[in-house]
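Q: Sharing a structure here in structure tokens format.
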Amino acid sequence: MTPFLRILNRTSLVTQIVIGLLAGIALALLAPAIARDLAFLGKVFVSALKAVAPVLVFILVMASVANHRHGQETHIRPILWLYLLGTFAAAVVAVFASMLFPSHLALSTSEATLSAPGGIAEVLQNLLLNAVDNPVNALLNANFIGVLTWAIGLGVALRHAGETTRTVVEDLSNGVTLIVRVVIRFAPLGIFGLVSSTLAQSGLDALLGYLHLLAVLIGCMLFVALVMNPLIVFWKIRRNPYPLTLLCLRESGITAFFTRSSAANIPVNLALSERLGLHEDTYSVSIPLGATINMAGAAITITVLTLAAVHTLGIQVDLPTAVLLSVVAAVCACGASGVAGGSLLLIPLACSLFGIPSEIAMQVVAVGFIIGVLQDSAETALNSSTDVLFTAAACQAQEQRHG
């Protein structure tokens, strides 16, 4: 292995993305002509994301549904409902924040034609038509609603298949996830090309747009962590929720912020649950499950970035469509775990509700990677700390009822 590759392997992806980001800004300011010529790096990265996203959603969802263990949720139904309520509430907060503080992105719309929906009826009609699309056509044209429908359908059918078949599906899922990891490893180069060319063409206004977007995202996550989650916990335990909320943020959220992985934070959450004296039979199931489906941060990311694209393109959004987006974002978020940049790669699915084509949706995904250094850390901190918070709230409420 060459010294360069050794350094590359030792340096974390976050550090590489920061270096790519700073190098892109520097090049755009010092040599705008060269920066414009390097736009192809960003285009290659976005094309790779476009290629892998439909296959990723199809295989991942199918494997998840096919390998679901029957009866898993029966022990933890109250916690499961808290997870779903928290994720939906986060999406609603993100919708209102995006309406109050609309973000505008520097997107290239020349390569695609827009077909904005007329209202909720048309959105639902398009949703139904997309859901019954030919599966091969859905994969080719990145029709994520169709891909999702076929993935769930096949997953349910394969539940009754033999163990060997389900193992093959799981292996396929691992293979696709590995390919996604390889694509994500090229994020620093892609971001370097995207930032340098965008700044060279649009000036510093584009960067200020990203800062505004990041402020909306982090603001939503803080609001959910410090206002919405405590309200849900108070409704459950009927006493001051803040000691428990702040304990979970301090003990679980800070670790998750730096590891940027809900899965890596599972041992931390299990240890905290034990210290809180919760039932082991409950938390040993609910914490790993929460790392998979409790995705309030992902719901915020999907909603805010989708509505940023909508505002940039001048598409009008009525209230029923915004509520539908909240539901779709919450459902999408549940499938975003375990994949690097998972929530970002599900943005095209939400964008398709508004008739935004894949070419533009993937530019929004690329913007997500640019701000991902902070966005992903904050998202993981919210997701993981909420796992242990809702588990503790449900266990304490159960004790109060029986005590």
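Cβ from N, Cα, C; glycine included.
Given the structure is predicted, the values throughout are model-derived calculations rather than measurements.
According to Swiss-Prot, the protein carries these features:
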type	residues	note
TRANSMEM	14-34	transmembrane segment
TRANSMEM	44-64	transmembrane segment
TRANSMEM	79-99	transmembrane segment
TRANSMEM	138-158	transmembrane segment
TRANSMEM	175-195	transmembrane segment
TRANSMEM	214-234	transmembrane segment
TRANSMEM	295-315	transmembrane segment
TRANSMEM	327-347	transmembrane segment
TRANSMEM	353-373	transmembrane segment
Q: Give the nonlocal contacts of the transmembrane segment (175-195) in its own chain as ranges (CB under 8 Å, at least six residues past its ends).
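A: Cβ under 8 Å, 6 or more out: 13, 16-17, 19-21, 23-25, 27-28, 38-46, 48-49, 52, 55-56, 59-60, 338-341, 345, 366, 369-370, 372.
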Q: Top stretch among 14-34, 79-99, 138-158, 214-234, 295-315 for CB pairs under 8 A with the transmembrane segment (353-373)?
A: 295-315
Q: Are there at least 3 C-beta pairs under 8 angstroms linking the transmembrane segment (138-158) and the transmembrane segment (214-234), leaving out pairs fewer than 6 apart in sequence?
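A: As far as Cβ distances go (cut-off 8 Å, pairs 6 or more apart), the transmembrane segment (214-234) and the transmembrane segment (138-158) do not touch.
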